[in-house]
Amino acid sequence: MSLAKRIIPCLDVDNGRVVKGVQFVDIRDAGDPVEVAKRYDKQGADEITFLDITATSDNRGTTVHMVEQVASQVFIPLTVGGGIRCVDDIRTMLNAGADKVAINSAAIFNPGFVKEACEAFGSQCIVVAIDAKKVSTDNDADKWEIFTHGGRKETGIDAIEWAQKMESYGAGEILLTSMDRDGTKIGFDLALTRAIADSVNIPVIASGGVGELKHLADGVTEGHAEAVLAASIFHFGQHTVEEAKLAMQQQGIEVRL
Amino acid sequence: MSKITLIDYGAGNLLNVQRAFEHCGAEVNIATTPEQILTADRLVFPGVGAFPQAMAQLQKQNLVDTIKEAANNKPFLGICLGMQMLLDQSDEFELTQGLGLIAGQVKQLPSTSIDGQPMTIPHMGWSQIHPNQVQWQGSLLADIDANNAFYFVHSFYADVADAKDQLAVFDFGGHAISAALQKDNIIGCQFHPEKSGEMGLKIIESFLQI
């Protein structure tokens, strides 16, 4: 085995509870973050990502407490994203027990922040989250741009150029979410994933659209991702992380079992 | 209850190492002075960061000679940078002297595989470890079976002078790279046992039983 491809369950956290993705009509409580994280750890998750979906300043204390609780009971890498805006936010999360932080909007408003963060804490703990949406029409060559505010606000920034820029600024990983696919359950945007993964040398985590186990394997084999992230297929018992790994292994992908 | 002392020199994620040891039932003390190190039962030397700064900080806290002395007669576990600092020297940024407890050099991971393909650095993620020339029997890895994986995140590695000090290796594009070192009571692991799930906790438990 060389480096195993990773499966990363993603927990959207709202005010200290795991919730099912906001894009669904039926917003369901998926449990206490500590219990959910422990369950995924037992199932063999390679890492756990928390996205603080409210990320307001009132919420910050709750999130810090939650990270502390999880880090004292779950001994695999933890990434925390949502509302990471300054070096102090990163320090707070790392001190609480996060191993990495995901920076999204703050990187767009102030790209130098990514550089500053990597110099202060090392590239290995800085993940840049990219929300991309296809802007080309069917007759043109594929083109994706960066969107903010949950896919509502366009920035005009080309996704591939942006990923390369973030790599040159020191980012250790890219968490790539297709806003076209997020919540659709029809699979990753594989063309997008491959376009980004092939144009940078840092690991790309594919996200957005997983509805069945095959989609996870596709992200690696066709999307060239180093890791795959999913939320809802794991939250309500549709599949376990272990089942996902076995399915990936059957496709010839090296996983940690 | 087993007691361990964590050496705190301002480099690294002390808290997560502490939490993992506490989870395994250890009483954890934090040492910042020579006296605290010399009175420890077992020493854990963690580290995340850059070699030159970490060595400079050890010198500033007057810990270099103390660690060398203590490492000779106590169970001693270096983790990641804490393992690399056990070697003679490192060429991370600039040539820097290490603690010289295990013969060898710290070098940058090879940028290409043995068949010339570019390698991704840092080496970040889960890799399987296996014995090279030394059997695991009676070591900290005695309970680890062949189907294993541990969590790594590093760009430099320990190139040991004597293969007898290399307890475990991992495959990096066909290169066998040090995953764990052992020389007498001094043990080092390049991976993070505190972040390697159940198998990592097993190693921590074994260390507490030495």
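From the backbone N, Cα and C atoms, a Cβ is placed for every residue, glycine too.
Features as listed in TrEMBL:
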type	residues	note
ACT_SITE	B:Cys80	active site, nucleophile
ACT_SITE	B:His192	active site
ACT_SITE	B:Glu194	active site
DOMAIN	B:6-207	domain 'Glutamine amidotransferase'
Point to revise | Cα separation, B:His192 (active site) to the residue listed as 'active site, nucleophile' (Å, whole number) | key: 7
Point to revise | Mean of the pLDDT scores, which run from 0 to 100, over the domain 'Glutamine amidotransferase' (B:6-207) | key: 94
Practice item. Work out the three-state DSSP category of B:Glu194 (active site). Key: helix
Exercise for review: May I ask which residues of the same chain, at least 6 positions away in sequence, place their Cβ under 8 angstroms from the Cβ of B:His192 (active site)?
Suggested key: B:Ile79, B:Cys80, B:Phe150, B:Tyr151, B:Phe152, B:Val153, B:Gly200
